[in-house]
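Per Swiss-Prot, the features are as follows:
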ACT_SITE  GLU337  active site
BINDING   GLU203, ASP287, CYS391, ASN394  Ca(2+) 1 binding site
BINDING   HIS336, HIS340, HIS346  Zn(2+) binding site
BINDING   VAL406, ASN409, LEU411, GLU413, GLU416, ASP419  Ca(2+) 2 binding site
BINDING   ASP470, LEU471, GLU473, ASP485  Ca(2+) 3 binding site
DISULFID  CYS311-CYS391  disulfide bond
DISULFID  CYS353-CYS358  disulfide bond
DISULFID  CYS407-CYS436  disulfide bond
DISULFID  CYS418-CYS431  disulfide bond
DISULFID  CYS420-CYS426  disulfide bond
DISULFID  CYS430-CYS453  disulfide bond
DISULFID  CYS444-CYS450  disulfide bond
DISULFID  CYS449-CYS475  disulfide bond
DISULFID  CYS462-CYS482  disulfide bond
DISULFID  CYS469-CYS501  disulfide bond
DISULFID  CYS528-CYS574  disulfide bond
DISULFID  CYS594-CYS605  disulfide bond
DOMAIN    200-396  domain 'Peptidase M12B'
DOMAIN    404-490  domain 'Disintegrin'
CARBOHYD  ASN260  N-linked glycosylation site
CARBOHYD  ASN348  N-linked glycosylation site
CARBOHYD  ASN374  N-linked glycosylation site
CARBOHYD  ASN432  N-linked glycosylation site
SIGNAL    1-20  signal peptide
Amino acid sequence: MIQVLLVIICLEAFPYQGSSIILESGNVNDYEVVYPRKVTALSKGAVHPKYEDAMQYEFKVNGEPVVLHLEKNKGLFSEDYSEIHYSPDGREITTYPLVEDHCYYHGRIQNDADSSASISACNGLKGHFKLQGEMYLIEPFKLPDSEAHAVFKYENVEKEDEAPKMCGVTETNWESDEPIKKASLLNLTPEQQAYLDAKKYVEFVVVLDHGMYKKYKDDLDKIKRRIYEIVNTMNEMFIPLNICVALTGLEIWSKGDKINVTSESWFTLILFTNWRGADLLKRKSHDNAQLLTNTDFDGSTIGRAHIGSMCHPYLSVGIIQDYSPVNLLVASTMAHEMGHNLGMHHDNDTCTCGAPSCVMAAAISKDPSKLFSNCSQEYQRKYLIKNRPQCLLNKPLRTDIISPPVCGNELLEVGEECDCGTPENCRDPCCNATTCKLTPGSQCVEGLCCDQCRFRKTGTECRAAKHDCDLPESCTGQSADCPMDDFQRNGHPCQNNNGYCYNGKCPTMENQCIDLVGPKATVAEDSCFKDNQKGNDYGYCRKENGKKIPCEPQDVKCGRLYCNDNSPGQNNPCKCIYFPRNEDRGMVLPGTKCADGKVCSNRHCVDVATAY
């Protein structure tokens with residue numbers, strides 16, 4: 001039995017001298033100082049790696065001893081993980097850091113079944129853990145030759161801004177709860193069931209704007225550590241959904257922004273969407289990207305994303321404001337926006353996750369959550385059944401996720417052609433469970449273009465077109481995977497020439513009126529749109545430094561949207577929607593037809609050929 005000395009020091013005698021963003025802010029009301037003691041599990045004389053796969057630490061919380069069990073998060077980075085920043089003269093600098101022996105862990109508290117932890121062990125212990133239903137943060141002091149750490153409850157961190165923080169996603173034409181309740185009862189085809197059962201992988205890229213670079217004093221290492229800690233927590237949140245979020249790239253706009261990052265979150269999302277599809281995806285293969293910005297979005301918005309867009313070459317993105325020094329809060333927001341990409345909508349009052357608030361709540365709770373609700377899980381399940389996004393089946397473990405290959409663990413790893421589990425449990429005729437190689441004559445195990453262990457014939461449709469702006473995909477005869485979901489070129493006429501395709505959708509004013517006002521709504525007369533020349537809350541085109549800029553006469557149909565309600569008892573032929581906390585809502589969406597042959601682009605009504 002190892003004798004462990006645990007010391008708690010009176011706070012008055014131990015002024016903070018560390019480097020923590022949270023503690024340095026002076027916003028922590030109360031914390032205790034502890035000395036975590038590592039309890040080694042390695043035998044005497046064994047070679048100690050720098051960061052072991054599993055570790056235990058003992059320390060006290062509120063005078064009671066706790067044992068923190070940690071396991072290295074081997075799914076955090078992909079092997080081809082790369083980092084990009086820019087030199088002062090604008091040159092792109094790409095590096096491939098060695099991340100095999102990283103220091104990021106998930107964990108739990110001994111004898112607490114409801115506990116969890118996300119910890120960086122790079123220089124002391126930094127992160128958070130849940131103990132007896134309460135969230136605690138732990139951070140090391142920056143003191144010479146000291147193992148002292150601060151432990152404090154999340155509730156003891158004073159909030160600089162008590163205003164509610166909201167997700168900017170505001171679609172109102174969401175499906176009712178009834179179909180969601182029935183989603184788990186659907187009769188699934190064998191292919192659908194196989195897709196649901198397969199482990200999913202999101203190859204994830206984080207982009208930081210120039211404001212973030214300046215916020216962290218041009219310190220690339222400090223920025224990287226923060227992102228690693230955040231994604232480590234994100235990764236943990238998706239484990240119960242059988243999804244591994246693997247960081248495959250980090251891009252830092254150290255020279256200057258690649259897009260116009262503005263306080264109008266919807267506009268910034270559109271610009272980042274276009275940049276990702278036209279630029280980033282061509283340089284770095286990935287499934288999903290998020291922009292983390294220091295820009296303060298208008299109103300209470302702190303994030304925004306496209307719903308049901310995972311794997312889309314443009315729309316699989318989100319944008320997030322770095323609004324808090326608490327990594328858990330930002331990680332929860334990033335997980336929330338990725339949840340939208342995976343088909344999840346906001347929770348309502350009937351949704352539960354066993355905590356006061358869940359990840360997909362529209363407003364960020366004072367009690368941060370790491371749990372997805374039952375509604376979120378059913379939304380995601382229904383989205384996966386209907387769309388079966390193929391990029392999630394790309395198994396980064398084959399060449400990317402760092403983990404020693406073990407045949408029989410049902411994870412496809414380096415050197416394996418398949419892995420169906422142990423010989424006793426494997427029922428797959430395409431895979432040899434003993435060797436993790438394909439059986440003789442087999443070409444594949446699973447995929448939309450795999451049928452009875454063979455590739456489907458060239459030209460076999462594997463994904464039908466969903467609407468006017470989508471395109472069908474067909475098997476190549478050379479792969480088990482259905483090709484990446486593609487869509488009509490931007491500017492292609494859609495919905496009987498009432499609109500033009502834009503990033504795979506057909507935005508029309510009529511549909512936007514129905515979404516905002518109600519099922520009987522129609523687009524208002526042209527005269528109503530003249531109010532957009534006033535430059536006030538109810539009529540403008542753009543904002544500059546918080547000031548509403550009037551529309552030019554030719555651009556009035558690219559500002560605030562005006563609708564005719566047409567509901568019984570309503571007599572408002574020029575109705576517009578204005579939300580002070582989310583001013584972007586109610587504006588005509590980018591790509592919307594504003595005249596024959598013209599679309600809204602950057603809040604101007606321009607020729608389709610000019611826009612695209």
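We count from 1, first residue shown onward.
Placed from the backbone N, Cα and C atoms, the Cβ positions cover glycine too.
For the disulfide-bonded residues CYS311, CYS431, CYS453, the ranking by surrounding Cβ atoms (within 10 Å, all protein chains) places CYS431 first. Counting other Cβ atoms within 10 Å of each Cβ, the lowest count among the disulfide-bonded residues CYS528, CYS574, CYS594 belongs to CYS574. There are 12 other Cβ atoms within 10 Å of the Cβ belonging to VAL406 (Ca(2+) 2 binding site). Across the domain 'Disintegrin' (404-490), DSSP assigns 0 helix, 15 strand, 72 coil.
Its Cβ placed at the centre, ASN394 (Ca(2+) 1 binding site) has 19 other Cβ atoms within 10 Å. Mean pLDDT across the domain 'Peptidase M12B' (200-396) comes to 91 in this model. Within the set of recorded positions CYS430, ASP470, CYS475, CYS605, the entry lying nearest in space to HIS346 (Zn(2+) binding site) is ASP470 (CA atoms). Most buried of the disulfide-bonded residues CYS426, CYS449, CYS475, CYS482, CYS605, judged by other Cβ atoms within 10 Å, is CYS449. Mapped onto three states, the DSSP output places ASN374 (N-linked glycosylation site) in helix. Separation of the C-alpha atoms of LEU471 (Ca(2+) 3 binding site) and CYS420 (disulfide bond): 33 Å, rounded to the nearest whole number. Of all the recorded positions listed here (CYS391, CYS426, CYS469), CYS469 has the Cα closest to the Cα of CYS528 (disulfide bond).
Most Cβ neighbours within 10 Å among the binding-site residues HIS336, HIS346: this distinction goes to HIS336. In sequence order, CYS449 are the recorded positions from ASP419, ASN432, CYS449 with a C-alpha within 10 Å of the C-alpha of CYS482 (disulfide bond). Cβ neighbour count for ASP485 (Ca(2+) 3 binding site): 22 (other Cβ atoms within 10 Å of its Cβ, all protein chains included). The Cβ of CYS444 (disulfide bond) has CYS430, LEU438, CYS450, CYS453, ARG454, PHE455, ALA480 as same-chain neighbours under 8 Å, each 6 or more residues away in sequence.
Within 10 Å of CYS462 (disulfide bond), counting CA to CA, the binding-site residues ASN394, GLU416, GLU473 contribute GLU473.
Every protein chain considered, the tally of other Cβ atoms within 10 Å of the Cβ of CYS450 (disulfide bond) stands at 23.
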